Structures are given as structure tokens and as C-alpha cells.
Amino acid sequence: MASRLLRGAGALAVQALRACGPARVAARSMATGGGVPTDEEQATGLEREIMNAAKDNMDPYNVLAPKAAPGTKEEPNLVPSITDKRIVGCVCEEDNSAVIWFWLHKGETQRCPNCGTHYKLVPQQFSH
């Protein structure tokens, strides 16, 4: 008896929705409101601040990868540091899985002991 009542109520609901037409049916999908929001639209807090700064070519929290230089003695890769030394990891070949770690000290350019790429330590100040 109860199952007949539930089936009857469901059938009445379907008939009512069909009578209203497809425009009246409540759609619950993200596509109806303009699609899936982009990363910029849904970013908040620190993530939004970093994304806005990246649009202006700024990196206030040093989260972006540094710009690569040729790595020659005349144009070394610049490594920012707030101290007089910093440890650097060099992946000498593109498909290599080993990282060569070495200390980089303030002053002259230094070479990776494995591949010979040059690095130079530059002073870095906090932006805030």
C-alpha cells in the first residue's frame, strides 16, 4: 500500500515537471551558471595575492622558479640569499634524476662540480 502511494506521488511530481516545460525544471549543474570557474575566479587569500603579483611580473614570496641564465662565467645563474651562503642543487642533464648539491658562497661565481654551470649568490631583501 505504501509503495503504491510513493509511486503515485513520484508520478505526479514527474507530470507536474513535464507540464511546466524544460525551462521550469531546476537544473543543478555548474554549466548553467557560466561554466566551471577558472583558477583566477576561485583563488582567495595568499594564492590570489600571488596570482595578482605574477600578472605584474612580481614574486613577493619567492615562490616562482628563478629565471634561468646561460650559466656561463659572464652570465651565471643568479641565486638569491639573505645570508652569505646557500646550498644549491643542480640537475646537470635534462633527463637526469640525480641532483648534485653544493654550497654556494658570496663573492665570485662558482661552478657545479659535475657539469660546470656557473652560479652566483646575490643578496636578497624581503619585500615586506
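Don't overthink the numbers, they just go from 1 along the chain as shown.
For all residues, glycine too, the Cβ spot is worked out from N, Cα and C.
Here is what TrEMBL records for this protein:
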type	residues	note
BINDING	CYS90, CYS92, CYS112, CYS115	Zn(2+) binding site
MOD_RES	LYS67	N6-acetyllysine
MOD_RES	LYS85	N6-acetyllysine
MOD_RES	LYS120	N6-acetyllysine
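Location within the structure of each feature annotated in TrEMBL.
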residue: LYS67; record: N6-acetyllysine; CB count, 10 Å: 8
residue: LYS85; record: N6-acetyllysine; CB count, 10 Å: 12
residue: CYS90; record: Zn(2+) binding site; CB count, 10 Å: 20
residue: CYS92; record: Zn(2+) binding site; CB count, 10 Å: 14
residue: CYS112; record: Zn(2+) binding site; CB count, 10 Å: 20
residue: CYS115; record: Zn(2+) binding site; CB count, 10 Å: 13
residue: LYS120; record: N6-acetyllysine; CB count, 10 Å: 17
- In angstrom units, rounded to an integer, how far apart are the Cα atoms of CYS112 (Zn(2+) binding site) and LYS85 (N6-acetyllysine)? 15
- Query: Hey, for the Zn(2+) site built from CYS90, CYS92, CYS112, CYS115, who else sits with CB inside 8 A of the CB center?
  - Reply: VAL91, ILE100, PRO113, ASN114, GLY116, THR117
- Pairwise CA distance, LYS120 (N6-acetyllysine) versus LYS85 (N6-acetyllysine), rounded so that it is a whole Å: 10
- Message: Distance check, please: Cα of LYS67 (N6-acetyllysine) against Cα of CYS115 (Zn(2+) binding site), rounded to an integer number of angstrom.
- Response: 19
